[in-house]
Amino acid sequence: MGAELTELGYLVLLKIHKRNVVVLTMLCSNVSLAPLENNNVNDSACRTVSVGFPITMMVTGLVGNSLALILVYVSYRRKENRRKKSFLLCIGSLALTDLFGQLMTSPIVISVYRAGRKWENIDTDGCLCSFFGVCMTTFGLCALFLASAMAIERAMAITNPHWYSNHMKTSVTKQILGVMFLLVLLFALLPIAGVGEYQKQWPGTWCFISTGDSKVPGNTVFAVTFAALGIFSLLVTLSCNSGASQSSKQWERLTTETVIQLMGIMCVLLICWSPLLVLMLKMIYNQMSSHECGLSSTANTSRTLDCNFFLTAIRLASLNQILDPWVYLLLREILLRKFCIVANAVSNCSTEDQKGTQTP
């Protein structure tokens, strides 16, 4: 099964590469593929990860996001969910974003692992590295902004229900989502226009925004802007979800499920993205990039720890695409209701047992 998925992902990747020759040629304009000479310490930390890890992540993400999209579509078609249509559009867009993020990046990572973690074996001209960096930036920021959009939408629905009913139409939501995705895509394409740079990152299995090369025009500004936008979206999500607790009786039944789902998504976002965004700001301040991890012949303990932590941080950010749909799937009303029934039954049983022991 793993081999079939790997071959299928590789064939899809080749088709995308052939159909987008012109686009990929443009992507080659500003990308760095500095060779990574494996350090013994760093290389030993990478040997424990096999190709099964990215394959498992891809399959889990595809299954979760596909199920979430199906359930969102079914809920969106129901007439009783008219007041939740904007929220469902946002959660469906989030699942679609995570799904495409998995489809665009996972086959590339799997191919690199199969090539012995040597990126240059599958990307001789650097086009694929830049494509990978654009995908990481676009789908990462879109996921963060969509969570903020859902939090703002629910906050308006709870605190200003009358204004929300009169002005927040599904057509407006679609326009906002479309403009947001377009702006994020344009931002991610800035390195192609010469502002910033996408660079192969340690241990050579992925590409992302360069954080240590200040000689590239606009590179520091581009990297700082990405981190700042991500942290800003997390703060907006946190503040809006905090204000969503003040719900009126009219909207209490309607918003209970969505608020719980938002709180779950917010917790996942904070856990998955905070380490990467904060570490990016630290690396920018210190003029350090993860591609330097394999270039030093001497083992620097603090630098090795930073490199390992940066790799862990990017893996956490990648897990966000997998966990988001499962949060929505597991925190749905029907499952929450069953959980409450089981919890009440267990609580009643324990109470009766205490009364039985006290009566004798």
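Placed from the backbone N, Cα and C atoms, the Cβ positions cover glycine too.
Copied from TrEMBL, the annotated features are:
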- 64-328: domain 'G-protein coupled receptors family 1 profile' (DOMAIN)
- 51-74: transmembrane segment (TRANSMEM)
- 86-110: transmembrane segment (TRANSMEM)
- 130-152: transmembrane segment (TRANSMEM)
- 176-196: transmembrane segment (TRANSMEM)
- 216-238: transmembrane segment (TRANSMEM)
- 259-285: transmembrane segment (TRANSMEM)
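Contact between the transmembrane segment (259-285) and the transmembrane segment (130-152) is supported: at least 3 Cβ pairs lie under 8 Å, counting only residues 6 or more apart in sequence. Looking at 51-74, 130-152, 216-238, the range that has the most CB pairs within less than 8 A of the transmembrane segment (176-196) turns out to be 130-152.
Using a Cβ-Cβ cut-off under 8 Å and counting only residues 6 or more beyond its ends in the same chain, the transmembrane segment (51-74) has close neighbours at 2, 5-6, 9, 88, 91-92, 95-96, 98-99, 102-103, 106-107, 109-110, 113-114, 318-319, 321-322, 324-326, 328-329, 332.
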